[in-house]
Each structure stands twice: as C-alpha cells, then as structure tokens.
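Q: Sending over a structure as structure tokens; questions will come in a sec.
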C-alpha cells in the first residue's frame, strides 16, 4: 500500500505492542470498554495492578484504544465480538494499542467522517472499521426498494423523516447522499440479530470476517457524498503521493473505490490487511520508483462498472478487483469502452490493455495485460507493420464498435467427440527445433475447447498445410483431450522429443472466442495468407462430416468408440491408477484415469509445487468444506480448477477442518516442495459412506473372503483366448469375453456377489503339474476417499497380461493386505480381463469406483512348498513416502525361474535346480578407504511381469577401490547376504548399516550377473557410474531416460523391495530404472499461500527474455527442456530422479540460488536454497535438493566448490545447469548424496554417509530482496 510521507509525527508512531498471557485465575487483568454499539473504538478500561501477566512489550494503559488482537483488527467490532476474538486466541496475546489524541479518539463517527488520502494508513483503517461494522449492522436508505432486495438484509428502507430522526439522535455512524437518496450506517446492536448471529459467531483469529455470508459493504453507502471533515493540522502536512506514473492521488478520490456484487449491489467486504503502523524511511522512498498501469486523468469522473473495486498494492500501484468473477486485473475496466484496434492508435498512444515500461536495465518494453506477456516492439507500430506486411483482408477492424477486444459467444462445449459439429480431419506432425509450429488457446476452464490460435509460418504445421486457425484439437495420439486443461496439453506436446511425430484429430467449424486479427489479442504474427497444398486424403476422403462417420472409416489415429462406453473417450495412456482419481497433471507417473467419469463427481490427485509467493490459488469456506476460490497462477496450479473441493492435503483429510486450520496447513508447506492435494470436482460431495445394505453384507460375511478354487493355468498358456471362469465356483453365470457390455456385466457380477454372501469362506487351490503352479484369489475392496489404492500395469497390446502395480501405502488394498504387486488381474467384478487392453480394464474400474467397491480375481504364482506369500507385500522396516521412482518400461511377460526365500546365508532353495551358481566374495579395505561399491535397491514394483527377484544389486564399482581390486564383483551382481545374514527382505538403510558395522572386511553372497541371463539389466561397462552413463552412447541405449515407457507404475520411493518369492527372471528388451536410496524428506517451512482473491494480480510484467521461468503456454516453438524426453504417453513434468536442463538469466543481485558441496567436502553439488523472488524460483523448475550434474556443459563430477562458483561466474548473465531431480532434502556436509548410499571412503567420492566430516560449504546466488546466506560467496560476476 502507498503511505503518506509525513513531516510531523503521525499517530501511528505511538502505536505499541503488549504481549500478555492469562493469569493463574485465567483472567487478563483489564476491562474492555467502548465498542461499535456505542459508536466508539474498543478501548482499555481499568487495568488491575498486579493482575496482568506481561510477557514482553510495554505496559497497558487505561483509556488507550485497542487496535489489534493477535494481528486481527478489532476497530469497528462490538465489545461482544472483541471478547469473542480474545476468547479464541491462545496465549500469549499480542495487543496493539495507541494513546488517544489528535485525530484518533474513541469517537468512531468523528474518525469515519474524516477525509484521508487513498492508500494511507488512516484510509485503510477506515475501510477495516467499515468491514467490521457490516458484520453486525445493515445500512439504511430512503430510496425505493429494488427487485431482488431483501428488506432488513440488504437495506433497511425508511422514510426521509425517519432518517433525519436517526441522524439527529446520533444513531448513525456515517451518513450522506447518493443519487439524491439518503444512506446511513447505523450503530450495530450490542447483541447481534439472529440473522447475523450464525454467520459471525465464527470469527476467529486468523479467520477474518471474509467468509461467504458475512455482511457486505454497499456501493451506495460507500460512494455516498458526505460532508467530510478535513483532518487536523497533523494530517494536513502530509504530502500527496505520486503513484509511480505521475498521477497525483488526491483526497477527493478517496471514497470512490468500493463496488458491489449481488442483487442489491454489494461488495464482499474482504477486510484489508491490518495497517502497518510503523515504516522505515527507506521504504517510504521506494514509492516514487514504482511502475503501474496509468489511469486516465479523469478516471474518477466515470464510475467503475458494477461489482468492481479499485485497490492499491503495497508499492502504491493501482489494480482493479472484479467481485463478479473474483479476479484482479491491472486493467481499468472503464477504458474498455474506449478501446480501439492497435492499428488505429496514434504513435504516441497505446491500445487498451497495454503499458509502456522504461526499465533502467532492459530499456523500454511493453506489457500486454490481456495476454500477460511482454515485448520490446511498440504494439501500435507492430500492428501497422503487420497490416502492411501481411495485407490483412479484414481491414474493417477499424469500423467495429469501440469495445474491449472482440470476444465472441462461447460455443457449446462437449467432452463427447461424437457430439462435435463440424468436419473432422487428421494430420501427423513431426516435431522440429521450433516445435510443432502452431499455438493454441483455451483450456483455461473445464468447459473450454483447446483450439489452434495460429500457425507459425515455415513450421511443421504450416508445411503440412492442413491445420487452420480455430481448429479444435480432439485427439492427440489416441488421447482425447476434450476437457483437458491448457497446461496438460502443453506438457503433452512438450514431452515429445524433437524428431518424433504425433497424430492429431481436429474438428473444424468452431470460431475462436476472440478476433484473431486483433493485434491486441495476438501472441504471434497473424497467419499469413499463403497457398496451401491440398490436404492429404484419408481413405479417399478429404474430410468427414461427423465424427462417427470419420471413425467408421479410419482407426489409425483415434480409438474405436463403438465398443466402449462413452466415458472411455477420456482414456489416458497405459498404466492405471485405480484409486478413483484422475492422474495428477504434474505428478511424475504415467497413470490412466480410473475415476467416476468426466460427467460425474470425481476425486483427483494433484501435485503442486509451492512458490515463493505461495501456491498461486485462494480458498474460500463453503458448506461442504474449503473450495478453490481463484487460480492466481495457472501455470503453477496445473489441473486445479476454481470450485474444486479440497479433500486432503499431503494425506491429511481436511474436510472437517475450519478455514483457518486449512490455511495453516497450507502455510506450513515448505517453499519449493511438492504438495499433494486430493480434490473433489463436480456433483455434490460428502465423505463416502457405504450404503446400509453393503454394510450389512460386509458385517454378515465376518471377515473378507479368500477364494482360491480355480484351476491354475500353465504359464506356457497364461492367457488362453477362450479362458472362461465365473466369479464364484458355484456360479453358472457366463460372460462373453469378446465384446462385453461393462454396464450389463457389472450388474451381473454384483448379483453374483450378493448371491454368495451366505457361503462360508473357502481357501483352497489346485496345482497343475504340467507347468508352474498358480493360485487364484478373490479380493473384495471397498473404495476409500483416496481410491482403491493400487495401480495397474500392462495391456498395452492385446494379449499382454494385466498386472497389479504398486500398492499405495495406507490405501484400501494395502489395508486389506491380500493384493500384491505382480499379481495378474483375471477378473474385475466377474468380467474377464485376460488379454484385454489397458483402457478396457480402466473403464471397468470407473464403474467400480462409482459404486464404492470392487471384486477382483487375481492369479499368483505359488511358492515352492506351497507357502503363502507375505501378506503385506513390503518389508517391515520400509519407509513410505510419496515421491515417485524413475521411469520403468513394461517388461515382456516371459518364462521365469522361481525359488523360495531363504532366511540364512545359504543359497535359497531352488537355485541349484536351475543351475544358478552363488558365490561368496570377501572384500578387505584399509582404515582410510571404503569398500568402494554402491548398492541399488529396487522398490516394490513388478519386474518382468511378475514379482521382484533379488531386490539388491551392485550398481557401481569405484576405480581403484577394494571392490575393484578384488576383481570378483561386477555391476549387476545380485546380493543375497552380507556376512552370512540374508538381506533379501531387508530395507536399504539396514543393509548400509550392516556393511558399516562389518569393519575392515565384508563377505557378500552374490548371484553373478552372467547367471541371471539378463544382459540388459546393467551396462556392460562395470565401472561406469549411473550418472556418467547418461552421457555415453551406451547409456543412451540402456538408460531409462532414453527409452519410451509405455507403462509406468507409481511406486513410493522409499519403499524397499517387498518380501516376494525369490525368483530370477529373464526379461529381454526390458529396461528398468531403480531407486537408489531412502527418501526421508523434511524440507523447511516457509511462506504462506494466498487466501484472499483481492490480492494484486501476479506480476507478469518482467522484461522480455529476462525470465526464462517457463515456455509460453501458448507457443510450442520452445525447445524441449531436455532432449532425453519421455514418450508421448508420459506428458507430465520430469519425475523424481530425472535429469533436466535449466537456463536462467541473471537478476540484479544474482541467480537467486545457493549451492552446497564439492570434492573438497566429499560430496556432490546440490541446490541448497532458493531465494524468494529470485530468477531461480521464478524459473519454476529448480528445487531445493536437486543435484547439479553439469554447469554450462561441464560435468561436476569430482568438481570442487570453488570451480563450481568459477563456472557460474564465467557464464556472464546466463547459466545453464543440468540437474538431477532430488528429494527435497539437501545432504549434510560429509554425507554422500541421498540418491546413492556408498560403502567407501575414497578421496574422490567422499566418506560414507554415516560419518560427518568437515564443515559446510554453502554458496549463495542471491537475488533482490533476499538476505545473503552464509558464507557470502556469491555467484554474481
């Protein structure tokens, strides 16, 4: 906010704070008097000597005005409400008081009728008082009643005589005229009326009276002309403030700012932040340097539109609040009616929505507030140049009425492709260095099409010649994107590597929602009129009139929707998350939808990274919980929509929490870390409850049933095409596996389930001696709020098995305990799924999610001796977090050997029968060195289409280390035991500790790599580090990052391998990526998020090219952030432990990040901190804990800290970093990276992580406004 520069001492300099607690009697030791019901500020009465428990601050003095209680402004509240605030505050209480005198005394009416400069502390305090008054009072007016207004709620309608009587009696705190009618603000009653009691009794500290349903300040009352009193001499000596644009804000404009919302013309009286009662002089001087949207000289001569309000930022910049849409904008809406096309503007004026910035560093540039972009070229000159250069055919733009850019009526939206009206066409585009050569618009709302905004000349789309402006994007590589968000589709396109192609299905016939020829709306030059080759013919047709006609003639670019339910159009890529949610748009795993359907209420899991200014969205209270009120940063909140109900935050249910408690939880989330949200969208939501009949059935059953009665199928024929089996052995129901109707079959399977509830549970299985033994289990799961709690793999091609992927910790499947990763899914609610596609299974789970339960039949290989598998599918000591593991390609289901686990060091039973040789390797080390090898532990994910085998293997051998010298250990060797103790089911951390305690020698029982007959599981170079592999041709061949991933499970990172049967699988052409350490992350706590939609708009007015935070969401001409991309089906952000490139431009005070580590400190280099509002945090990709792999193209392996600083400095104003996604936790000095647990002490690679050596070496790359982080060695030059 802008504050006046004062020559004399202002009353705010006398404000003091007292911190007190309740005394042993539970009392505060002072009386409270005054209150709005008496027309007074609340003030201190008798202060009882010796009864006040002071903790700090000054003493309380009788008769002083009470301004705040624990930062909650109380001026304008009744005594009852002030006491309620104090009652709900926990000790200690922080009271801000001021001595009466000058303009502030106990008389509210006197203070409210003073006239102050807009943006001053006094003006803000007046607004706070009015906000608080309207909690308890209703304005009165002499004007006639309007339609839709409720007497006694919107206004008290009285006669002129009654109004004059109230005025004479002193019952009005404010009064005046507006449009020849009298308006007044009566004193609130001491006890609230029943109408207002329920709403305002919930005022708690921190929950300012901004909840929906509170009293609102009326436009007429706010804008009424009052006989305002000039403030006394103390305030007359304040100098008017120049608002950064040369426009002096005069006191006469102070009262014309609040507008209304609702039938009666009212505005939600969101309270202003508590005034800052003291201000350093250096901050006061900053006001003259601010930049803002320049209001017209006569801006106050025209009223703002209804429900709009003018406000000021802390720097004095003008912005506008639209209470209709609950959004903020830098644009003055009054100027919209005066808008004209850019080409008609004079050279010394700018089009509507544009602003000129003169920056001392970057020079002059222009801000387009409509499209939120910046450019160096004058938009008027640009428009005139384009008009002449392109010979635009629609020159009649200048004859259009003067209005805001011509937005057209939004077409009727549909998620059903068959309902689209227009002609369909398909095209295939190959990604080039400039992207796909077109820009898109739309998708900012759930019911908005994504359309081609422009085609870039000479780009792939222009060269193809088929795409045109306005085309609706329907399918991208068989993924229907109708209803997808803009950010999702952008990420999908960005995930395609350069040189790869995508198939697009477009629908032509929908106009853009704006005039594409209007330069004010253009992100790129308008599409040039050019000769195009005739479109490619598909099956002899150029286009098709209807979508059904189109898909009936071609099946190459879109899936067949004729044999699936309509909702299957919303299918996602393979690998399903069967928890009833859509996949998180920015989460790291490629998962398919298994929600309740696009047209039904649905639960979604989103992952949002908190920035320096919060999460970028606001929340509001509602009868069903906290809902998303406004999206302030669309790019920062991908997948989130206004109106979404927040169900969980980081696995904590928040439905029954108050607004304040949810805000506090969001505040506690650290900056730069991922926060997981489960939100509910659509429908009327209440926590899921099982219907009574279902509860009765569950209770009658006693315990969950396990049916293991079906004959096992030999592995040589794992998926017989004619395999048929009913849901229960006694059932005679049959289903056609060729083309089942999921709806009909679901009803049948439900009837089967209900018919068997009287049958006692049975557990039996039969074995077929002709092949490996299997057993089938029936698993009944009830859907929790987070879903069924497991994921699905496979089914990418017909005939591939459908497998259970990761079992989510604390989910429904995990609590049930019977479902294991690697189980083959045979039936879903009695419907056979063997050989079916992934999408088909996901569709079945949609129906199950809607009904709250599912019956699954899974097939599991039987262990030797017929011993059952462990129930939990994980080792006991595993740590469970929700970071994601690296990508894993689906491995072909192949023949596998199997053996039972062993509890001792002897070879597991069954190894000899398969000619697998184990050997003992003894490694000796010296005192000053480590053993020199790295252990990699797999997670609880299926491998080769079955279970995880020996989960621990050698991932790296250090040159010259004891492990290297013994010449008996190779990369890829599986470790069975350490010093005679089996580690198959041991958590990774325990293995490290076991080796640590081994002393100077350790004995490893291993299965050599060559015995596994699995050459693809490890690189042939046995000493090549995983890190270095990324830069070698071999690594490009075998690296998970370089391979397409048709199916990707989402496994909790820290979860070690489950106690699965010991099986040695052969899996040709399968590429695995393994997690290499624990992920026990606990980042720092930082800044709170936004909770008020009236916050100023996000400042996107950075100089062009000055902030490479993210590629423009509307332009695909950006290079992919890293050439090692994932396949198209995986279009979310890089996953944990992925490699990615960050380019940054240096800010005024540096790059805004600090680093830790270096060779001299025996650790790799990591990102230590991100300075608030610095280039690094604005970039959005770098996070705390990321490992720095390269600096300006130079590898950081064995790099010293000083060399890293030198490289950053040598890059000048730009730096290019290759980073490896970390865990959010920075390793302590003397620790090896948390992503690698090394058993060594070599000089090159550091000491074991369990020793603490040396001192930290943290280097800061500061940014403006950030305190330097020690030591002050900054990357600034």
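In case you wondered, yes, glycine gets a Cβ from its N, Cα and C as well.
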Q: Any idea which of 779-823, 824-868, 869-913 is down as region 'Disordered' in Swiss-Prot?
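A: It is 869-913 that Swiss-Prot annotates as region 'Disordered'.
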Q: Look through 686, 961, 1045, 1051 and state which residue has the annotation phosphoserine in Swiss-Prot.
A: 686
Q: Swiss-Prot lists region 'Disordered' for one of the ranges 556-575, 576-595, 596-615; which is that range?
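A: Going through 556-575, 576-595, 596-615 one by one, Swiss-Prot gives region 'Disordered' for 556-575.
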Q: Across the domain 'PDZ 5' (1141-1223), what are the DSSP residue counts per state (helix, strand, coil)?
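A: Final tally across the stretch: 18 helix, 35 strand, 30 coil.
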Q: What mean pLDDT does the predicted model reach across the domain 'Guanylate kinase-like' (109-283)?
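A: For the domain 'Guanylate kinase-like' (109-283), the model's average pLDDT rounds to 64.
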